[in-house]
Structure formats: structure tokens, C-alpha cells
Amino acid sequence: MLEIKSIPAFNDNYIWLIQNSDKRCAVVDPGDAKPVLEYLQANELTLEAILITHHHNDHIGGVSDLVRAFPHVSVVGPKAEPIPTLTNAMEEGDKLELFGEIFMVLGLPGHTLGHIGYVGDGKLFCGDVLFSAGCGRIFEGTPEQMFESLSKIMKLPEETEVFCAHEYTASNVAFALAVEPDNEHLRQYRDDVNRLRGLNIPTIPTTLRKEKLINPFLRATNAEVIQSVTNRIENSDPCSVFTALREWKNEF
């Protein structure tokens, strides 16, 4: 079992550090090199791999400096996106061996067209596709693509730990409660999130099991969720409900 640590960056990013038992590690989506280098030095760790989910600068901005500090590091990322530092270009179905664990690459377009995720060891690193109680904005893809990406994630085991790249949970929960004000799981989660954030403790990782109970973007077949967007849709199929939710969240 790999050990995962969060390295905060910018206002609300999480850079995930994946560590094995002999001081070797990888990082996921290092938008800023400085906090990573400080953590590596303080803990006497050697960086062996960088995993990238998509090309936005708050996810890749620190890669060049990390490569300079660790010239032999592998840089793994999406084949379909313009990331010049890649040494290993990956796409749906590819496999990655990381400290004795096999990670599968998932194609997760929507937020960006080439966005990928990494799933293995009971963990999903999903960048900006799925957040706790929310999902990413659709910048390059279509609502249909994002819906399919989330549907793909939904098929993973429910105990899968979800490591997304931002601490957006409190604002996401506020929206989720506007969608489902009577959801008791959400009300309890709001209290849990407020307590954790009051102590400056991350709300991430979450689990897929929890998200299926509280995340409106994964609940497009739920009657209360459908009812909440009735005045925004002509058809109540799950993708139309999801699309209406995403448009509502954009203006929330």
C-alpha cells in the first residue's frame, strides 16, 4: 500500500505525493515546484516520477524546475495534450508501474479534451474531472464527454479513494444542498466539511461511495435531483440532467 501526502499549492490546489517505503516518490500535477522541493528536501525523498492529468498551468507549472532538480525523473501525462516535458505519453488503457503497484490510465475528457486519470492501489487521481460534491468546469470538451467520464469513474469499486486536485468542497456542498436540500447525507457532510476546514484539514481524499450519496453530478437519476432542474430541461435523461446541473453550477 502506497502512502499519499498532500502538498498544498496556490490558493486551493493539492499536489499529491505518492511515497513508497524506501524514500522514493512521485508527485501528481505539480503546478508549483517550490513546495514540492521543500517537502522532498525536508523528508529526504528522491523524486522518480511526475504524473500529469492535463495541461493547465496550475497542474504543470512546476514540472520544468522539478526536472532540472531531478534530471532522470519520468514525466508521465496525456498523449493528446501539448505538454513538451513528457517522457511517457499515455492514453486510455495504458498501464503504469509505480513502486510495485500497477496503475491504469483512464481517458477522462471534458474539462480538457485530453484529460486522463490514474487508478490503482485502490486510489484514483482524477485531476479536475471529479471533485468532492462537484465536478470540473467544461472548458474544452462537451457536457456529453464529461458525463461519460464521470460515468466511467462511477464504475470503479465504491471503496476507491478519490484524490482530486482542488479544495473546492465547501462551495460544492453549498451548491449540492441547493439541488438536494433534504439530503441527510449532504447535511451531515456539510457539518463535517466545516469542521475539517475550520481546523485547516483537507477534505480530500473522498471515496466513491461517499460521492454517490452526496454529489449531484453523480446523481442525475435521483428524483430530487431531476426535480431541481425541471425548469431547465426538456428531457429528463441523465445526460440532460447533468448538463443542466453543470450550467446551474456555472452561475451559482
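In case you wondered, yes, glycine gets a Cβ from its N, Cα and C as well.
Swiss-Prot annotates ASP58, HIS59, HIS166 as Zn(2+) 2-binding residues; of ASP22, ASP121, ASP128, the candidate listed for that same site is ASP128.
The Zn(2+) 1 site recorded in Swiss-Prot includes HIS54, HIS56, ASP128, and the single candidate from HIS72, HIS111 that the record places there is HIS111. Ranking the binding-site residues HIS54, HIS56, HIS111, ASP128 by the distance of their Cα atoms from the Cα of HIS166 (Zn(2+) 2 binding site) places ASP128 first. In three-state terms derived from DSSP, HIS111 (Zn(2+) 1 binding site) belongs to neither a helical nor a strand segment and is classed as coil. In the three-state DSSP reading, HIS166 (Zn(2+) 2 binding site) counts as strand.
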